[in-house]
Amino acid sequence: MDCSFISINDLQRMFHKLDKNQDGLVTLDELHWILERLGWSEHTPEELELFVGKQSLDLDEFLRFYDDAVSDRKETKNDSVVDNDDAIVGAFNVFDVNGDGYISSEELRTVLERLGFEEETKSWDCGRMIRAHDKNLDGVIDFEEFKNMMLHVQ
């Protein structure tokens, strides 16, 4: 399981945050809520149910769903990856809170908090996360750096 873009540990924390009643399942309404925040809300909860074939997902199904969703955002043609720019632009815009074309560590923290990671963001170093993908060393992530991160391009 690849789970590119968001680590498996973060996905597991996200799952447990979404699982409000702690029954080990995330409903499709909860799944739709998180997809909207990631900028991937092209389906209604009803359409998601047709896609996944049930009304809720356990952790393993949630991880597979995420991995499939990320994989679907890339199309393979002649062994080269062609990205779905619309999906990547949508995801970038989720994190570019002020619309200036860059993602700062403050914007990253804001979005992570909005996704339900309030406690975790206190210990996470969002600046370090930005620096890990900031290839031109300007202290922010521009669209190309974000796209390269999403597609795992070095």
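Indices start at 1 and increase along the chain as displayed.
Placed from the backbone N, Cα and C atoms, the Cβ positions cover glycine too.
Going by TrEMBL, these are the annotated features:
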- 6-41: domain 'EF-hand' (DOMAIN)
- 83-118: domain 'EF-hand' (DOMAIN)
- 128-154: domain 'EF-hand' (DOMAIN)
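Counting residue by residue with DSSP, the domain 'EF-hand' (128-154) contains 14 helix, 2 strand, 11 coil. If you take every residue in the domain 'EF-hand' (128-154) and average the pLDDT, you get 87. Applying DSSP to the domain 'EF-hand' (6-41) sorts its residues as follows: 21 helix, 2 strand, 13 coil.
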